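*Asks:* Copied straight from Swiss-Prot:
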- 91-110: compositional bias 'Basic residues' (COMPBIAS)
- 200-218: compositional bias 'Basic and acidic residues' (COMPBIAS)
- LYS201: SUMO cross-link (CROSSLNK)
- LYS215: SUMO cross-link (CROSSLNK)
- 1-56: domain 'DEK-C' (DOMAIN)
- 119-195: domain 'SWIB/MDM2' (DOMAIN)
- SER113: phosphoserine (MOD_RES)
- SER225: phosphoserine (MOD_RES)
- 83-118: region 'Disordered' (REGION)
- 200-226: region 'Disordered' (REGION)
Amino acid sequence: MADINKYIPMVDAILSVSNPDEISPKRVRKALQILYSVNLDSQRKLINELILERFGDIQENPRVLIPKNDLISRDQELSLRLQKEEERPLRSTRKRKGKSESKSKRKKKKNDSPDSNSISVRKVLLSAPLQKFLGSEELPRTQVVKMIWQYIKEHDLQNPKDRREILCDEKMEPIFGKKMTMFSMNKLLTKHLFNPDEIVKHEEEQKQTPEKEIKLENESLPNLSG
């Protein structure tokens with residue numbers, strides 16, 4: 001296992017930017033083979049287990065996608081170097097130093113306080129079954145996923161023969177059915193998470209519709225009498 005641990009930073013990086021509904025151990029493994037120019041067929045089982053383990057950890061701790069210790073790896077150093085090269089042209093323009101400084105200050109100030117529209121902060125409304133399961137009417141989406149994963153691990157609901165499969169208990173069944181895969185969880189959750197702004201907008205549209213119908217009905221009455 002120690003030999004494949006060197007792939008952890010890259011596995012985390014791939015998982016953190018991938019759509020959880022579409023990603024799979026096979027795709028991540030193929031990406032590793034291309035990036036490292038190696039054949040991992042002989043270690044397929046170990047690599048798959050590592051990918052599943054990292055996926056679970058990332059879903060449970062969505063705000064800590066890559067461990068700090070792993071940032072010293074070659075791949076992460078390369079990413080940071082490329083990022084610095086992209087930023088270099090902005091720093092080299094000394095004529096606009098004042099504007100650049102004011103922009104950077106504004107960016108820094110903006111980054112210091114959490115954005116209320118950020119996916120990690122913005123709360124969504126939960127469906128009735130999900131409210132009953134988690135005990136809250138609204139939560140940030142990332143917190144919902146984290147709490148579900150904590151419940152899965154605490155109750156040991158992963159299939160021991162296939163860790164990708166979650167065997168739902170009575171509390172989870174109303175939301176996810178009898179079983180699901182760890183990669184389909186996010187897709188299934190979309191049916192139980194609602195944007196408050198969209199609900200308010202929908203309610204306002206519904207209120208306006210009857211008024212329009214009444215107006216049209218009243219306008220048609222004179223024609224009938226004539």
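The backbone N, Cα and C atoms fix where each Cβ goes, and this holds for glycine too.
Explain the structural surroundings of these features, please.
*Replies:* Remark: secondary structure over the domain 'DEK-C' (1-56) totals 41 helix, 0 strand, 15 coil, with classes taken from DSSP.
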*Asks:* Under the DSSP assignment, what numbers of helix, strand and coil residues are found in the domain 'SWIB/MDM2' (119-195)?
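*Replies:* Breakdown, helix to coil: 30 helix, 20 strand, 27 coil.
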